[in-house]
Amino acid sequence: MISLNSIFLLSLVGLSRAAPSRSETSPDRTIKPRAACTPTAGGSSSTDDVPAIQEAITSCGDGGTIVIPADTTYYLNSVLDFKGCSNCDFQVEGLLQFTSSTDYWNGKTAMISVSDIDGLKLRSVTGSGVIDGNGQESWDKFAEDSSYKRPTLLYITGGSNIEVSGLRQKNPPNVFISVKGDTSNAQFTSLTMDATSNSDNLPKNTDAFDIGASTYVTISSVAITNDDDCVAFKPGANYVTVENVSCTGSHGISVGSLGKSSDDTVQNVYARNITMINSSKAAGIKTYPSGGDHGLSTVKNATFEDFIVDGCDYAFQIQSCYGEDDTYCEENPGDAVLEGIVVKGFTGTTSDKEDPVVANLNCGSKGTCDVTISGFEVKAPSGDAKILCGNTPSDLGVTCSSGASG
């Protein structure tokens with residue numbers, strides 16, 4: 001018979017044998033390197049390199065790196081879809097050149113589609129990477145046929161943690177970058193964006209950034225040359241910061257347009273340290289009036305700070321009759337709700353187009369116009385600085401003249 005003491009001693013022996021000795025190997029904590037893929041370029045515009053790139057995304061997209069090497073051209077003859085990317089690092093050091101085919105692109109939404117992706121770095125580490133939308137033929141066709149539907153170069157919808165940096169983007173058929181679909185946490189930094197036509201047909205509708213339904217979007221250190229909005233805060237934009245940006249030839253930093261056919265809201269947007277050159281306006285708000293199928297426009301907590309105005313037609317503009325004529329708006333006045341709109345620290349000189357007027361602030365008579373202006377030191381070439389006002393508050397902060405329109 002085995003005594004209780006014997007059982008206890010045997011148990012201790014078993015425990016001592018089960019316990020690991022100090023000489024045993026510790027668990028491996030070595031960090032495994034990210035998978036890396038370099039797609040093979042076809043070397044000819046007759047070969048579509050999109051399948052090779054998407055195969056690389058499939059192979060290395062889950063936490064890996066895809067490299068477009070320097071001094072190499074990849075010809076993209078179809079839509080590039082980032083499906084399969086999750087925390088992937090897509091490095092463009094060479095050239096991604098899209099086909100100019102107007103037949104192929106007609107009706108397409110995007111040239112580069114980033115849909116519901118969680119974690120993407122689209123960047124050039126060396127600063128040499130270029131994405132060419134090859135949009136000249138699309139601009140020429142649109143000049144002849146305004147029904148021609150052109151794609152956005154980079155279309156981001158849904159997803160989160162998107163970073164785009166260090167790249168040059170050029171000549172999109174339409175908008176450069178669109179962010180919508182409740183995207184969150186998107187950053188765009190150190191970019192050069194230019195749309196330049198070599199014909200008499202302007203690169204119409206080449207907004208640099210259309211920021212729609214999204215939260216926590218940052219745009220910084222970007223140089224833009226285009227023929228439409230520099231940055232447009234579209235319906236649903238919330239917590240968007242734009243800083244250290246220069247725009248040439250654009251329509252400015254714009255809220256809107258809002259309220260065309262639905263109730264639209266933009267809130268918590270901040271634009272700071274902006275240089276606007278030869279643009280139709282440096283900054284402004286565009287809302288449709290009441291009546292018809294138009295909805296209610298609401299803009300809350302929008303700040304425009306430290307703008308340098310160089311040859312822009314207006315330094316600041318509020319349009320409450322956007323998209324309609326004066327006769328319509330007399331019967332259906334603007335009803336937009338503008339709350340917490342701050343304009344401060346504007347300096348520089350406008351163009352001579354509206355001289356002596358430097359700003360045109362036409363708030364809707366049926367709406368709310370909570371706007372304050374301070375440190376506004378913009379002048380027209382003549383040296384005058386006339387500000388046209390309509391339905392603005394008595395504590396606006398600047399001296400007003402009648403005659404506001406738009």
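Every residue number used here counts from 1 along the chain in the order it is shown.
Using the three backbone atoms N, Cα and C, a Cβ is placed for every residue, glycine included.
Listed in Swiss-Prot for this protein:
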- Asp228: active site, proton donor (ACT_SITE)
- His251: active site (ACT_SITE)
- Asn244: N-linked glycosylation site (CARBOHYD)
- Asn273: N-linked glycosylation site (CARBOHYD)
- Asn278: N-linked glycosylation site (CARBOHYD)
- Asn301: N-linked glycosylation site (CARBOHYD)
- 20-49: region 'Disordered' (REGION)
- 183-213: repeat 'PbH1 1' (REPEAT)
- 214-235: repeat 'PbH1 2' (REPEAT)
- 237-257: repeat 'PbH1 3' (REPEAT)
- 266-289: repeat 'PbH1 4' (REPEAT)
- 299-320: repeat 'PbH1 5' (REPEAT)
- 368-390: repeat 'PbH1 6' (REPEAT)
- 1-18: signal peptide (SIGNAL)
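Structure with Swiss-Prot features highlighted.
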residue: Asp228; record: active site, proton donor; DSSP class: coil
residue: Asn244; record: N-linked glycosylation site; DSSP class: strand
residue: His251; record: active site; DSSP class: coil
residue: Asn273; record: N-linked glycosylation site; DSSP class: strand
residue: Asn278; record: N-linked glycosylation site; DSSP class: coil
residue: Asn301; record: N-linked glycosylation site; DSSP class: strand
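Confidence for the repeat 'PbH1 6' (368-390), expressed as mean pLDDT, is 99.
DSSP labels the residues of the repeat 'PbH1 6' (368-390) in these numbers: 0 helix, 15 strand, 8 coil. Note on proximity: among Asn244, Asn273, Asn278, the glycosylation sites of the record, the Cα nearest Asn301 (N-linked glycosylation site) is that of Asn273.
Cβ atoms under 8 Å from those of the repeat 'PbH1 3' (237-257) belong to residues 208-209, 211-231, 264, 266-288, 297, 299, 302, 304, 312, 317, 322-323 of the same chain, restricted to positions at least 6 beyond its ends. Close to Asn273 (N-linked glycosylation site), meaning Cα to Cα within 10 A, are the following recorded positions out of Asp228, Asn244, His251: Asn244. Mapped onto DSSP classes, the repeat 'PbH1 1' (183-213) shows 0 helix, 15 strand, 16 coil. In this view, Asn278 (N-linked glycosylation site) is surrounded by 14 other Cβ atoms within 10 Å of its Cβ, with every protein chain counted.
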